[in-house]
Every structure is written in C-alpha cells, then in structure tokens.
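Since the structure comes first, as structure tokens, the remarks are kept for the end.
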Amino acid sequence: MKNTYNLRSIAAKAISQVLDQGQSLSAVLPELQKNISDKDRALLQELCFGTLRVLPQLEWCIQQLMARPMTGKQRVFHYLIMVGLYQLIYTRIPPHAALAETVEGATVLKRPQLKGLINGVLRQFQRQQVELLERAVNNDSHYLHPSWLLARIKQAYPAQWQQILDANNQRPPMWLRVNRQHHSRSEYLELLTQADINAEPHPIYRDAVRLITPCAVNHLPGFELGWVTVQDASAQGCVDLLDPQNGEQILDLCAAPGGKTTHILEAAPKAHVLAVDIDEQRLSRVKENLQRLQLQAVVRVGDGRAPDTWCGDQQFDRILLDAPCSATGVIRRHPDIKWLRRDRDISELAQLQSEIIEAIWPKLKHGGVLVYATCSILPEENQQQIAAFLQRHPEAQLTETGTTAAPGKQNLPHPEDGDGFFYAKIIKK
C-alpha cells in the first residue's frame, strides 16, 4: 500500500520548528513520527538529524544556486531544498527518487507552483555537485559549527579543537549499560555474541558496552526485561564515580530522563533514592524507566535552587548533580544544539549552575559525596565553575578528579568512546 504521507515535507516542517521556532528536535519528532512506519521513522530521523548536522554546508550550496533565499511563509521550502541536497550528498537514496519525493513535498505543503523551482535548484546542484563540494571545503562552512562555538572550542582546546569538531560531526556510537542485577558484563557480551551482535566492553566504565554496529533496541537480548539500557559511556561514568551504597540516602538532582537514577539503583538496589527535576513532563520518562527496570525511587518535581520546597530538612549521603548546561559535549547526538544555543547562554547557564550547587550543598551530610557533572566541554561551566566553588567552600575537598589547580575530569567526544562530559567528585569535610 502506498504511503499517504511525504517524508521530505515532514522533515522540512521539523527543521522549521527547530530553526524558526527554537524547539528541540527531540521534542518535535515524536509527534511527527506518530503515524508513519518504523522504516520511515528511521529515515525521517536521518533526514532531520543529518540536515541539521551539516546545515552550514547546505546553506552555502543554496547561496550558490539561488539568487535570493526563500523567506517568510516560504522558508519551509528553503528547508525542503536542504533536505533534497542532503539526500543527494549523504544518502544512498537513488537521485531520481530523492528528487521526485522532495519536489512532491511542495504539493503536500500546498505550494505546487514551487515544484519547478525546487526541481530546478536540485538538478542544477547535480550538474555542479563536484565543483560546489570542492569549493565548500575551503570556507568556514566546512567546520559545520556556528562561529561563536567554533571560537570557544578553539580557545579552550588549541591542540584538540579539530578532533572535537570531527567527533561532533559524526554519527554517535551506540553504548549500552548492562544491568548488573541480571548479568555481569561478560555474561551479557556472550548473549550479544549468540545474537550475532558485535560489541566490546569499555576499558574504564564497568557496565558499558559499545555496539560495533548500532541496532534497534528490540534486537537486544532482554531489553524489555530490563537486562540492558541504552546510555552513553560517559554518562555511565557519573554513577561509577558516585559509588552509591545500599542503605544510603541518595539525591539525583536534574534527574530526567532517569538514566542515572536507574543506574544508581542497579548499583545499589537497597539505596533510598530521591529523583528530582524541574520539568514535570520529562519526569514521566524517569517513571517509565524505573518501571521497565522494575526499580523504585521517590520522584518529585522541584527547582534545584530551592531544595527546602521539595526535601525540607532532609540530608543526603550522596548527591549527583547533573547540572543544566550547554550540552556542547553531546552535539553528535543532538546536532540541533549548534543552532539552538547562543553565545550569551553560556554565562547564564554558569550562573544557574552556581545557584544550584550553592543551594544543594547544605543538603549534603558531613563526610558525604557530591558529584557535579555536565555534558558540556566549555571551561566556564566546568573547571571554572568548580574552582570558584572550592574557593568559596574550604570544607569542600576534591577527590579522584583532578587537583585544586586543575579541578575535575573532562572527557572529550570521541568516535569510539563516550560523549563530552565533565565530572568533579567533592567530599564535605
């Protein structure tokens, strides 16, 4: 039966919602994917994520092919052309099919009179493709990052910035977290081998396994039974560092979507865990993850800057603060971050992080452990944040993660390793 929808027009609308309305792709896509097949769902995701990953290159190509950009109500057709270009450059979709479906998107978007224009631009690109892509390599669009972020990464990592950009521009690896309540990691690796799924263990993080080739979760042995969870290796490092113990009172702050909450309980099933997040909608994901893994935690809505409103005078043995951040370490998973973030956001986020860590510090027992973590690679949110905190609090002692002069541990994104992540483990003396 022929599909009644046009994927290219759906992708163009999704990209419009990201770039013109400031919505995240992860918020936009689920609604748009509701009535389409699993196979087409994967293609839609590829068209959206891929187009946003290489946006500057596609934008530059359009500038060479069109006298003036499409604006206002016609902007969505600008994105439709981008989706067409992405298919021609980066996918194995036969060019005639890519063109036909993209051009037909104009009819679905109720501007059939633009079909000729869109067809003409895409065919012109086909004729000039080799020359245009060679020229694109010689300008800043080649880096596929906004100029403000490129400048910050170069400044922070003068010797490594190129590798960071390369990692950001690649598809992310698929990491699993083995539930140690069901199997050891070596046992689960054997199950993967039996299922003809190639995988390897992480050299540092004890529950982490990388799939050599990503696959759908329904192909993973025991996924529905809670034997395994999809979670990046660097994110798993937070709980390894926290080292939760049975019987302890543990706070997971900024907990949604619940990956770290459930990891804490897999590591210490008799711990008493309070999971708190300011976003009530995202907390439903925490509950879903707890349910799938058959784990129990108290889940509450709350602002990290006002802990008295959600925990009263309760104190904790361990606190995991996965602070709100720029998410510049997970760009390869969420390429829309490059276009949703602004330079001014960084200082605002650093201020918010400072307010949260100050507010939550009194809730940690003496002798207790706080792990501060972000999925950022920017020093203002990480080393500088922790250096300032240690200066304000002589009773705070850094352990296992750097020195007072160079506080914390910074992971950078790597094609065969985890995302960009920062950790600081602090004991209250």
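Backbone N, Cα and C atoms are what each Cβ position is placed from, and that goes for glycine too.
Now, the feature entries from Swiss-Prot:
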BINDING   Cys254, Ala255, Ala256, Pro257, Gly258, Gly259, Lys260, Asp277, Asp303, Asp322  S-adenosyl-L-methionine binding site
ACT_SITE  Cys375  active site, nucleophile
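Sequence features, as recorded in Swiss-Prot, placed on the structure.
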residue : record                               : Cβ contacts under 8 Å, 6 or more apart
Cys254  : S-adenosyl-L-methionine binding site : Val276, Asp277, Ile278, Gly304, Leu321, Asp322, Ala323, Pro324, Ile356
Ala256  : S-adenosyl-L-methionine binding site : Asp277, Asp279, Arg282, Leu283, Arg285, Val286
Gly258  : S-adenosyl-L-methionine binding site : Ala275, Arg285, Val286, Lys287, Glu288, Asn289, Leu290
Lys260  : S-adenosyl-L-methionine binding site : Ala235, Cys238, Val239, Asp252, Leu320, Asp322
Asp303  : S-adenosyl-L-methionine binding site : Ile278, Thr309, Trp310
Cys375  : active site, nucleophile             : Ser234, Ala235, Asp322, Cys325, Ala327, Thr328, Gly329, Val330, Asp419, Gly420, Phe421
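Considering only the residues assigned to S-adenosyl-L-methionine binding, Cys254, Ala255, Ala256, Pro257, Gly258, Gly259, Lys260, Asp277, Asp303, Asp322, the longest pairwise Cα distance works out to 19 Å. According to DSSP, Cys375 (active site, nucleophile) sits in a coil region rather than a helix or strand.
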